[in-house]
C-alpha cells in the first residue's frame, strides 16, 4: 500500500506542478534569509527564515552568494550552516522549476491543438511512471526502471498467455498444437489492447465480478471438500497412493522463498499502472483513492492467503502450477457417493468446478489488455521521437490523430511478442520468478526512491495549491522508504541465489 500511494502522490504532485507552471507568471516559494546588514555574523541570532516569492534566478543567485560570503571562510556555527543549506536547496529548487518550465513550454508549443498536459482530462501526453522516473531520478533511474518494467510486463504477458494455453489444451482441445490457442488468444486480446482504459470500463467491471465468483468457488470448494473428505480420496485430481494434504507439507521451507516472494510481488503489482488508473478520475473522486487502494489490496491479500493455505492443506504435493487445474474432475469430496453420474448434484458439481477451471483462461482476456496497454503507454513515453516521426512523415493526415496512431503502434509492439513466445515457452513458474524479480525494482525500489525526491519537491509548489491536493502525502518519513529499500535488496539477493542454485 505504501509503495502504491508513493507513486500516486508523486503523480498528483507532478500534475500540480504542471498546472502551476501553466500560469501566466509562475513563481516559487523558497527559503530566503532576512539579514541585518549591520551584523552579518549574527545571522543565527537575529536572522529569520520565511517563505517568499523568488521571481528571477539572478536575484536568488545574488542572495545565495552574498549570504555565503558573509559567513566567512569557515562556517562554524551550526545555525549558519543550516541557513546556507536552505539557500542551496532554494537554488536547486529554482533550477528544477526552470528546467520543468522549459520542458513544459516545449510540449505546449508542439501540441498547440491539444489540451493542456496538466488538465488531467484529454491531455496530450498522459504522465507515466517512466516520466516520473526521468524527472525525479534522472536518465539512469529512468533506464533502470524502464528496463525492469519492460522485462516485467513482457514476461507477465507471457505468463498470462501460458495460462490461457494450458487451460485450452487441458479442457477444450487436448493434444492440439499451442499455435492454435495462441492464435485464438491473440485475435481477442490484441484489439482490446489498443483501446484506452476508459473504454474498457464495462468489460473490466464484469470480469471483476466473475473473478470474485471464481475465487469464491475455489476457496469455499476446498474448505467444504476438506471437511467432507480430508484425505481427498474421492477426487481424480490427486493420487491416493501418495501422502497428500497438510501432513506432507512443511510449515516453512527456505528453498521456496524465491517462488513465494516473487509470485507474491507479481500478484499484487500494479504500481506501474497507478497513473493510468488515477488520471480519468475527477478531483472529488481522487480523494477516495487511498481508501480504494487500501481496500483493494486488503481484499486481494486476504483472498490470496486464505486460498493458498486451503489449497496447500487439501491438495498438498499434488498442487498444480496453476491451481485451477486441480479442479478438473473435482468432486468436492462428495461426488463418488452418488451412483448416478447424471444426478442433479453431480451435474451442479461439474458445472461449478468447470467455472474455476476455465475462468483463468477468460480472466486473461481482460487482464492481458490492461498490462499491454500500460506497457504501450510507457514505451510511447520512453521514445517520444517516434511521435514526432509519425507527425512529420505524413502517414497520418489529421494532426489530431497522431497520438492515437502512435499509441496503437506501441501497444501492438507490447501485445504481439509475448503471444508468439508462449508457443515455445511453457514453464509458468520460471516466468513468474523472472517477472517477480523485475517487479521488485518496479514495485519496491522505484516508488521508494520517488518518495524521497517527492518530499523535497513538494516545497516548490505554493502552499495554497498543496492544500488542495486530493491525495494526502502519507508515509513521507525516510524511515519507511529506507525499510522498503532494505527489504528489496534482501529479497533480490535471496531470489537471485535460489534461481541460480535451484
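Here the Cβ of each residue, glycine as well, is placed from N, Cα and C on the backbone.
Which of 248-270, 317-339, 455-477 counts as transmembrane segment depends on TrEMBL, and there it is 248-270. With pairs at least 6 apart in sequence, the transmembrane segment (209-228) and the transmembrane segment (248-270) have fewer than 3 Cβ pairs within the 8 Å limit; the two do not touch. With respect to Cβ pairs under 8 Å, the transmembrane segment (172-197) is most closely packed against 405-424, considering the stretches 209-228, 405-424, 430-450, 479-500.
Long-range Cβ contacts of the transmembrane segment (143-160) within its own chain (Cβ-Cβ under 8 Å, at least 6 residues beyond either end) map to 129-130, 133, 137, 266, 269, 272, 364, 367-368, 371-372, 374-375, 378-379, 382, 414-415, 417-419, 421-422, 425, 428, 431-432, 434-435, 438-439, 441-442, 446.
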